[in-house]
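Participant: Structure incoming, see below.
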Ligand SMILES: Nc1ncnc2c1ncn2[C@@H]1O[C@H](COP(=O)(O)OP(=O)(O)OP(=O)(O)O)[C@@H](O)[C@H]1O
Ligand SMILES: Cc1ncc(CO)c(N)n1
Ligand SMILES: [Mg+2]
């Protein structure tokens with residue numbers, strides 16, 4: 001089936017001085033699938049000559065038809081040209097005769113725009129015509145005698161009734177492309193949009209992109225070697241394409257045995273196998289851009305050239321990889337001539353200074369202006385833009401320059417050198433980023449700017465990775481990580497630091513509480529202290545039941561035992577509070593404790609119970625954790641004198657009580673609880689971790705309220721009590737987690 005989607009109709013006047021042939025060459029390179037030679041004034045002989053020339057230039061990459069001149073088509077065929085068919089108007093030669101003379105495989109199109117035309121076509125013998133040219137769509141100067149324009153809706157109405165493919169023609173501009181496609185067009189035929197374009201290749205690409213619908217995620221193919229250590233080659237390319245917003249694909253030219261220290265061996269699979277990979281991708285997927293990296297040898301290069309010539313991908317970036325960062329050769333020396341041929345197919349070539357020297361036949365540049373001058377010569381030589389890279393330039397700068405000799409453009413990108421050894425695969429990563437950014441619709445200088453910005457962030461991030469002992473890789477996803485686009489599964493250490501940081505202001509709030517300050521310096525009102533202990537006893541009793549729920553839900557016997565043991569310790573602690581700290585006046589009589597839970601206690605227990613009721617083990621243990629962690633932290637710091645030295649003194653009224661805050665076995669249990677919570681967080685998905693963090697934070701806030709409450713209430717009735725009487729016994733807190 002012939003691809004009618006982008007159909008070029010030539011106009012000798014609009015093509016201007018550069019000529020029809022040149023416009024066709026460029027437009028086909030940009031993706032035109034069918035070319036119609038249309039020249040109302042040329043003689044038949046001139047038409048024949050042009051057909052021969054065009055057939056040569058197109059070389060089978062697009063279909064070639066001629067407007068009207070059936071005899072010229074036949075004559076050009078007789079002289080060896082490949083002319084695929086004709087396009088005839090209602091008043092031109094008979095389509096039946098054209099079919100008879102051109103044969104069953106020829107492409108025959110017919111202009112039609114009325115119901116009567118359609119009826120007439122239906123009356124033809126089957127197989128006479130292949131498609132209809134339907135228009136004009138808008139008023140146009142290229143067909144002075146055009147009928148009333150159909151507009152998009154008129155075209156839609158016609159196409160809906162037609163059983164023949166309809167190509168929309170006449171006054172079609174780039175902004176009509178999607179609407180016509182959606183109105184049922186088999187393709188759009190354009191004249192001015194390509195013949196009058198400054199850059200017909202770019203214009204054709206833009207039209208094709210519109211026709212395909214701007215794929216918001218460009219499909220980018222890397223043709224390169226494999227680096228099993230993941231920093232260079234296709235592995236780097238795929239990460240780079242992904243990080244820059246594309247969908248990455250990879251056809252492997254060679255397998256390297258390599259790590260961050262160097263290349264140990266290279267295996268090049270048969271060239272046919274590479275071609276088969278490329279064909280498999282092309283047969284199925286529209287490619288928006290191609291990045292070409294390691295090519296190993298001349299045969300691989302020839303394979304890639306022939307595929308490029310067959311497929312004409314819209315964007316081609318070639319990173320002329322010759323030598324790895326480590327100094328190992330990645331391209332056989334005798335393949336350099338073949339590489340030069342490939343470079344002519346590129347839109348952009350990205351040599352480092354060493355590669356530039358080889359390709360520009362110059363000494364390795366030791367200063368930036370020589371490098372740019374070499375790049376200008378190379379660009380003129382290959383007819384493609386060159387991005388010359390300053391990574392290998394000495395000094396504290398690492399500039400790049402985009403150089404395009406065909407448009408006399410030199411665009412400098414200054415940049416300070418990033419102090420890092422993690423530069424393995426920068427070239428691979430940059431060229432893939434460039435292909436992707438260009439495919440996203442940026443022009444080259446914009447694409448270079450965006451790719452460089454990304455690369456520099458990734459270069460900085462490389463220092464964080466712990467990959468290898470040589471030149472480490474860049475961190476392709478450093479930006480995503482920094483902006484929280486990737487949530488990494490936290491390790492135990494990370495959950496410790498991240499969650500602990502998350503409650504920093506709550507912890508600071510606890511430290512600042514008058515209750516804690518007064519507890520530390522021994523001035524705490526005894527009534528407030530007793531209130532606190534009474535509520536703590538109530539809390540521990542409820543907390544023990546929730547710990548038992550954690551034991552019930554625990555996934556392993558070890559965790560089950562841990563939480564059950566903590567529940568047991570909590571009950572023991574509560575009983576000790578009754579027996580040793582609280583008197584009947586505090587609500588204890590005959591072993592029965594009758595104080596009523598305060599609002600802080602009720603709120604905290606409600607939170608824990610409702611979390612337990614939800615049945616999510618990970619969330620539950622996250623909710624239980626602050627009670628362990630905050631007390632261990634506070635106890636340790638109180639006893640270390642962080643709140644004043646008096647807290648360390650034996651004369652402190654609550655001295656023995658304070659000591660037990662920093663109990664070793666309690667600290668150990670806290671570490672275990674942190675470990676279990678961290679493992680559960682690592683095993684959770686992102687929403688699960690978010691739920692855990694919410695439960696954890698809520699508990700921390702309840703701890704703050706719990707500590708705040710005693711001094712917020714009125715305890716004057718107890719103010720004459722002897723606080724020192726309370727300093728005899730061990731604390732409940734340590735037995736909470738026996
Ligand atoms: N230390 C650095 N600081 C900042 N930018 C750098 C640094 N090293 C390299 N670059 C940039 O990285 C990109 C790749 O340049 P480089 O000259 O290193 O390519 P290369 O030699 O082809 O890389 P590779 O080693 O992957 O083959 C360029 O944009 C360059 O400016
Ligand atoms: C496979 C492969 N391609 C390219 C390079 C260039 O860095 C490399 N080291 N390895
Ligand atoms: Mg390189």
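The backbone N, Cα and C atoms fix where each Cβ goes, glycine too.
The structure displayed is predicted, hence computed values, not measured ones.
Per TrEMBL, the features are:
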type	residues	note
DOMAIN	6-194	domain 'Thiamine phosphate synthase/TenI'
BINDING	36, 37, 38, 39, 40, 67, 111, 143	4-amino-2-methyl-5-(diphosphooxymethyl)pyrimidine binding site
BINDING	68, 92	Mg(2+) binding site
DOMAIN	227-475	domain 'Pyridoxamine kinase/Phosphomethylpyrimidine kinase'
DOMAIN	514-707	domain 'Thiaminase-2/PQQC'
REGION	717-738	region 'Disordered'
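Help me picture where these features are in the structure shown.
Facilitator: Across the domain 'Thiamine phosphate synthase/TenI' (6-194), mean pLDDT in this model comes to 95.
Taken residue by residue with DSSP, residue 111 (4-amino-2-methyl-5-(diphosphooxymethyl)pyrimidine binding site) is part of a strand. Long-range Cβ contacts of residue 111 (4-amino-2-methyl-5-(diphosphooxymethyl)pyrimidine binding site) within its own chain (separation 6+, distance under 8 Å): 87, 88, 89, 90, 117, 132, 133, 134, 135, 169.
If you take the C-beta of residue 68 (Mg(2+) binding site) and look for same-chain residues 6 or more apart in sequence within under 8 angstroms, you find 38, 86, 87, 88, 89, 92, 93.
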Participant: Please give the maximum pairwise Cα distance, in Å and rounded to a whole number, for the 4-amino-2-methyl-5-(diphosphooxymethyl)pyrimidine-binding set 36, 37, 38, 39, 40, 67, 111, 143.
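Facilitator: Max Cα-Cα spread across the 4-amino-2-methyl-5-(diphosphooxymethyl)pyrimidine binders: 16 Å.
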Participant: Would you find the one among the binding-site residues 39, 92 whose Cβ has the most company, meaning other Cβ atoms within 10 Å?
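Facilitator: It comes out as 39.
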Participant: How many neighbouring Cβ atoms, not counting its own, are there within 10 Å of the Cβ of residue 37 (4-amino-2-methyl-5-(diphosphooxymethyl)pyrimidine binding site)?
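Facilitator: So the Cβ neighbour count for residue 37 (4-amino-2-methyl-5-(diphosphooxymethyl)pyrimidine binding site) comes to 29.
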Participant: Helix, strand or coil at residue 36 (4-amino-2-methyl-5-(diphosphooxymethyl)pyrimidine binding site), per DSSP?
Facilitator: strand
Participant: Taking 10 A as the limit, how many CB atoms besides its own sit near the CB of residue 36 (4-amino-2-methyl-5-(diphosphooxymethyl)pyrimidine binding site)?
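Facilitator: Within a 10 Å radius of the Cβ of residue 36 (4-amino-2-methyl-5-(diphosphooxymethyl)pyrimidine binding site) lie 24 other Cβ atoms.
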Participant: On the three-state reduction of DSSP, what should I expect for residue 143 (4-amino-2-methyl-5-(diphosphooxymethyl)pyrimidine binding site)?
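Facilitator: For residue 143 (4-amino-2-methyl-5-(diphosphooxymethyl)pyrimidine binding site) - judged by DSSP and reduced to three states - the answer is coil.
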Participant: Out of 38, 40, 143, which of the binding-site residues is least crowded by other Cβ atoms within 10 Å?
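Facilitator: Checked 38, 40, 143; of these binding-site residues, fewest Cβ neighbours within 10 Å: 40.
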Participant: Sort residue 92 (Mg(2+) binding site) into helix, strand or coil using the DSSP assignment.
Facilitator: coil
